[in-house]
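Annotated features, as they stand in Swiss-Prot:
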{"type": "DOMAIN", "residues": "1-141", "note": "domain 'Globin'"}
{"type": "MOD_RES", "residues": "3", "note": "phosphoserine"}
{"type": "MOD_RES", "residues": "7", "note": "N6-succinyllysine"}
{"type": "MOD_RES", "residues": "11", "note": "N6-succinyllysine"}
{"type": "MOD_RES", "residues": "16", "note": "N6-acetyllysine"}
{"type": "MOD_RES", "residues": "16", "note": "N6-succinyllysine"}
{"type": "MOD_RES", "residues": "24", "note": "phosphotyrosine"}
{"type": "MOD_RES", "residues": "35", "note": "phosphoserine"}
{"type": "MOD_RES", "residues": "40", "note": "N6-succinyllysine"}
{"type": "MOD_RES", "residues": "49", "note": "phosphoserine"}
{"type": "BINDING", "residues": "58", "note": "O2 binding site"}
{"type": "BINDING", "residues": "87", "note": "heme b binding site"}
{"type": "MOD_RES", "residues": "102", "note": "phosphoserine"}
{"type": "MOD_RES", "residues": "108", "note": "phosphothreonine"}
{"type": "MOD_RES", "residues": "124", "note": "phosphoserine"}
{"type": "MOD_RES", "residues": "131", "note": "phosphoserine"}
{"type": "MOD_RES", "residues": "134", "note": "phosphothreonine"}
{"type": "MOD_RES", "residues": "137", "note": "phosphothreonine"}
{"type": "MOD_RES", "residues": "138", "note": "phosphoserine"}
């Protein structure tokens, strides 16, 4: 459960990310593919090379979904319901991959915003991404 302090940290961090969310999403996705090659199996039709427009485009979709989630911190299941359906019923993404991408997103944010990435912010963002992952995998059961 996200505390009021977590919600404040998440919103403040996302505000600082601003227009870079799509860029960071693409970078995190590329980092995920490089660090965890098995994640590539869900994207056989993508050009997965460094700087790929397809990876950047999908990274922007990830970032847009997270931006929507940040705007609905009190109703993540409602905000992410359609995305949960897509990943559970159509794409059938292994739930572990959400944790891997979450980790890579945290690393990406820490690289770009080291001063703001305090232990408290890190913990809040980790809880947020874990909550998002839980919602996205809730319909697998």
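Easy rule for this one: first residue shown is 1, then count along the chain.
A Cβ is built for glycine as well, from the same backbone N, Cα and C atoms used for every other residue.
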Counting only residues 6+ apart in the same chain, whose Cβ is under 8 Å from the Cβ of residue 7 (N6-succinyllysine)? 73, 124
On a simple 10 Å Cβ count over all chains shown, which one of the modified residues 3, 35, 108, 131, 138 is most densely packed? 108
Within 10 Å of its Cβ, which one of these recorded positions (11, 16, 40, 58, 87) has the largest number of other Cβ atoms? 87
Applying a 10 Å Cβ distance cut-off over all chains shown, what neighbour count does residue 124 (phosphoserine) have? 22
So of 49, 102, 134, 137, which of the modified residues has the fewest other Cβ atoms within 10 Å around its own Cβ? 49
Residue 87 (heme b binding site) - helix vs strand vs coil (DSSP): helix
For residue 11 (N6-succinyllysine) and residue 131 (phosphoserine), what Cα-Cα distance in Å is obtained after rounding to a whole number? 15
Within 10 Å of residue 24 (phosphotyrosine), Cα to Cα, which of the modified residues 16, 40, 49, 108, 131 are there? 108
Where the distance is taken from Cα to Cα, which of the modified residues 16, 40, 49, 134, 138 turns out closest to residue 102 (phosphoserine)? 134
Among 3, 35, 40, 49, 134, these being the modified residues, pick the one whose CA is nearest to that of residue 108 (phosphothreonine). 35
Hey, what's the Cβ neighbour count for the residue listed as 'phosphotyrosine' at 10 Å? 21
Please report the Cα separation of the residue listed as 'N6-acetyllysine' and the residue listed as 'O2 binding site' in Å, rounded to an integer. 21
Mean of pLDDT values spanning the domain 'Globin' (1-141): 94
